[in-house]
């Protein structure tokens, strides 16, 4: 089911707050190698927002994306249910999460709304299930 055409579960104000937090988080990015700053803001089911930025490492495999940083902060604080995430970078091309981030987010729900944000706060919206169709997730494992 293509959920992109469905309305957001968030109010305009909640979307704007998420966008602002993602743009703010981008400012703390550590990316001396790629110079590709990314920020994200993740909203929990109870309305808390966790920010994340990309963090690079000289051993490239040790880098972590902004989306997973936000999730790691929220999960380490005990949160497991999420509503939406906004992602912003320096290039105004409505970037989408990478494949690893999509798979990581899938662990916590296929209905997650994702907002791809530009500097002017314009955005596009998708639902994770549309970005990662036929995903392998917790429902496919032995602990269904």
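Cβ atoms here come from the backbone N, Cα and C positions, even for glycine.
Database features (TrEMBL):
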- 13-139: domain 'CMP/dCMP-type deaminase' (DOMAIN)
- 54, 55, 56, 57, 58, 59, 60: substrate binding site (BINDING)
- 65, 98, 101: Zn(2+) binding site (BINDING)
- 67: active site, proton donor (ACT_SITE)
Distance from residue 55 (substrate binding site) back to residue 65 (Zn(2+) binding site), taken between C-alpha atoms, in Å: 7
Neighbour count (Cβ, 10 Å) for residue 98 (Zn(2+) binding site): 13
Recorded positions: 56, 67 - member with fewest neighbouring CB atoms within 10 Å: 56
Cα separation, residue 98 (Zn(2+) binding site) to residue 60 (substrate binding site) (Å, whole number): 15
List of residues, in chain order, with Cβ under 8 A from that of residue 101 (Zn(2+) binding site) and at least 6 apart: 65, 67, 68
Secondary structure content of the domain 'CMP/dCMP-type deaminase' (13-139), with strand meaning DSSP E or B: 42 helix, 33 strand, 52 coil
Listed in sequence order, residues with CB under 8 A of residue 55 (substrate binding site) and six or more positions away: 29, 30, 31, 63, 64, 69
Shell list (substrate; ref centroid = CB of 54, 55, 56, 57, 58, 59, 60; cutoff 8 A): 30, 33, 61, 62, 63, 64
Listed in sequence order, residues not in 65, 98, 101 with Cβ within 8 Å of the centre of the Zn(2+) site Cβ atoms: 66, 67, 68, 97, 99, 100, 102, 104
Largest tally of Cβ atoms lying within 10 Å of a Cβ, found at which of the binding-site residues 54, 57: 54
